[in-house]
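K.L.:
Below you will find the structure I want to go over with you.
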Amino acid sequence: MEINTKLLISVTCISFFTFQLLFYFVSYWFSAKVSPGFNSLSFKKKIEWNSRVVSTCHSLVVGIFGLYIFLFDEATKADPLWGGPSLANVNIAIASGYLISDLSIIILYWKVIGDKFFIMHHCASLYAYYLVLKNGVLAYIGNFRLLAELSSPFVNQRWFFEALKYPKFSKAIVINGILMTVVFFIVRIASMLPHYGFMYSVYGTEPYIRLGVLIQLSWVISCVVLDVMNVMWMIKISKGCIKVISHIRQEKAKNSLQNGKLD
């Protein structure tokens, strides 16, 4: 077994146990310290709360690390299809450990946080990352896809606000909702164009052919599955954002009428 393979397996295992520790111990202690409302939540709410705390931690780690790699790791950018061992592989190993950890938690607490779409998302991602790490290919693409995680903290924060019963149209929720919509669109929807554009640009080239049919199909299918879910979530998020903006406009119009200043 090569040292690089041992390193990636070690990173995946450390990632798994770290996120398990965060879920079962650290999140309970930390959440009770920073949010007094946490202790008043039901058992089911606490389970999902802890799951989302872990999700946020993972997203910040792999998202920021992934952005650094995308911008500055020349080894990864030099050969997007067949680039050798790089920081991108480490980032993918961290993400893999998290996905395995989260899958185990979802299955264990299925009646509380079970969601078939998350199972599909995690399985599709894990399969793709397994091929990347096993075959040493497409690390650049895998890392690029991880940039989508930068939207998760905003999605989770929205849930935290709701769990703590913040007013639906409070300033904090409105600002977070707008940021969530914008960031989600940039990293999960707008990013599709350069991704599939790159896929088209390398189609039929010698490096692409060397990938083999299995990896070629897996690359396309796993990305399409994930992107279909991203589009579905984007539609749902957009509807919520439009509803909030419409409410704000109605409130402004109402206030203008009350003040005798109809614009």
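The backbone N, Cα and C atoms fix where each Cβ goes, and this holds for glycine too.
Okay, so Swiss-Prot annotates it like this:
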{"type": "TRANSMEM", "residues": "7-27", "note": "transmembrane segment"}
{"type": "DOMAIN", "residues": "44-246", "note": "domain 'TLC'"}
{"type": "TRANSMEM", "residues": "53-73", "note": "transmembrane segment"}
{"type": "TRANSMEM", "residues": "90-110", "note": "transmembrane segment"}
{"type": "TRANSMEM", "residues": "124-144", "note": "transmembrane segment"}
{"type": "MOD_RES", "residues": "LYS165", "note": "N6-acetyllysine"}
{"type": "TRANSMEM", "residues": "173-193", "note": "transmembrane segment"}
{"type": "TRANSMEM", "residues": "211-231", "note": "transmembrane segment"}
K.L.:
So are the transmembrane segment (53-73) and the transmembrane segment (173-193) touching or not, going by 3+ C-beta pairs under 8 A with a sequence gap of 6 or more?
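P.N.:
Result for the transmembrane segment (53-73) with the transmembrane segment (173-193) is no.
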K.L.:
Mind checking which residues reach the transmembrane segment (7-27)? Cβ under 8 Å, same chain, six or more beyond either end.
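P.N.:
Distant Cβ neighbours of the transmembrane segment (7-27) are 49-51, 53-54, 57-58, 89-90, 93-98, 100-102, 104-105, 133.
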K.L.:
Looking at Cβ-Cβ distances, which residues of the chain lie under 8 angstroms from LYS165 (N6-acetyllysine) while being 6 or more apart from it?
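P.N.:
Listed in sequence order, they are GLY37.
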